[in-house]
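In TrEMBL this protein carries:
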- 1-98: region 'Domain I, interacts with DnaA modulators' (REGION)
- 103-319: region 'Domain III, AAA+ region' (REGION)
- 136-266: domain 'AAA+ ATPase' (DOMAIN)
- 147, 149, 150, 151: ATP binding site (BINDING)
- 320-440: region 'Domain IV, binds dsDNA' (REGION)
- 348-417: domain 'Chromosomal replication initiator DnaA C-terminal' (DOMAIN)
């Protein structure tokens with residue numbers, strides 16, 4: 001070998017042959033030679049404290065083996081960080097903190113997850129992933145309505161893997177957080193550090209992935225993050241409120257990747273499971289809840305687990321603060337309050353068309369009518385699309401609201417909207433704003 005640099009390059013090639021390419025590129029490829037003292041002590045430069053810790057903890061043994069293969073004798077290796085910019089110090093601190101579940105909510109475990117027919121398969125899949133990360137089920141895609149236990153399962157996976165693999169880098173993030181961090185990184189010119197943060201994970205858990213729809217930059221970045229982790233045999237777990245195939249404006253390449261592993265759904269719990277959830281929550285609060293009250297709550301709150309837990313918390317508050325025993329009459333008041341809080345605002349055809357009318361400055365009569373100028377036609381397509389999305393009306397029902405248009409015309413209008421929304425961010429935002437307003 002002509003130089004220390006040649007020795008290092010040969011050692012790097014040795015490592016490359018034994019590592020996944022994304023891992024090698026991130027940790028080993030960037031090593032720089034500093035000194036080779038007394039033919040037995042090597043000093044190498046690494047980019048930042050973050051990489052230094054990972055290489056020291058995981059790959060120092062491999063590096064020593066590589067240098068011995070090249071030189072024919074053992075060496076000691078020291079890694080140094082020349083200087084660490086402030087944003088990289090923050091990144092290293094984030095690694096040390098090992099970001100995990102929402103608000104560090106470790107009360108969500110497999111042990112206290114209430115199983116039933118509606119969630120048994122998802123529970124078993126989550127346990128399988130926790131027992132064997134990066135095994136057969138990668139990614140694991142869990143979907144279901146709000147408040148049905150998806151976050152509980154994600155956190156239980158994280159908690160169990162942290163227990164059995166304490167050296168794992170675990171990242172738990174919501175889609176909104178991922179997007180916000182990406183935007184901040186772009187503004188700060190630190191996108192490489194953003195990528196590094198997620199691509200060093202041994203376990204990546206992403207909640208509410210449905211919010212990635214229509215966000216082109218976020219989809220692009222997550223696509224490459226997904227590929228990097230999957231290629232390196234790292235476990236990915238994703239939660240959504242709907243199946244991947246039903247996430248509109250989701251790129252096909254992401255949709256197919258989400259379906260590579262195992263998809264499991266969680267449905268609203270049946271009566272027996274709801275009773276068990278109510279009793280478990282009361283037990284955790286040390287509230288003596290009569291059987292008939294537990295069944296009353298379970299019989300009236302059927303949508304999600306949060307409602308059930310909310311009712312028990314309210315009964316507990318009545319008891320703790322006012323000494324009121326949790327009997328049926330008290331439960332009725334608690335249930336009434338929760339049902340009022342969660343009752344959806346009815347969305348009428350008139351409300352939707354009225355909001356579209358104000359947004360496009362087109363009269364409701366023109367939207368329903370037969371005029372074909374560009375602005376009216378655009379408003380009409382938006383109204384048809386939102387009616388279909390929000391009300392679930394049939395094609396025939398929608399057609400009757402728009403001067404008797406036939407089924408094929410409504411289908412064509414919907415397909416045109418889906419195509420246009422895929423390519424027009426402003427249109428997507430306009431539709432989203434209108435839907436928010438009509439539901440407000």
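Keep in mind that glycine also has a Cβ here, set from the backbone N, Cα and C atoms.
Just so you know, TrEMBL annotations are computer predictions that nobody has curated.
Taking the binding-site residues 147, 149 in turn, the residue surrounded by the fewest other Cβ atoms inside 10 Å of its Cβ turns out to be 147. Each of the binding-site residues 150, 151 was ranked by the number of other C-beta atoms within 10 Å, and first place falls to 150. Using the Cβ center of 147, 149, 150, 151 for ATP, the list of other same-chain residues with Cβ within 8 Å runs, in sequence order, 144, 146, 148, 152, 153, 239, 266, 304, 305. Classification of residue 150 (ATP binding site) by DSSP places it within a helix. Across the range of the domain 'Chromosomal replication initiator DnaA C-terminal' (348-417), the DSSP-based residue counts are 53 helix, 0 strand, 17 coil. Remark: secondary structure over the domain 'AAA+ ATPase' (136-266) totals 68 helix, 26 strand, 37 coil, with classes taken from DSSP.
Counting residues of the region 'Domain I, interacts with DnaA modulators' (1-98) by DSSP class, helix then strand then coil, yields 55 helix, 16 strand, 27 coil.
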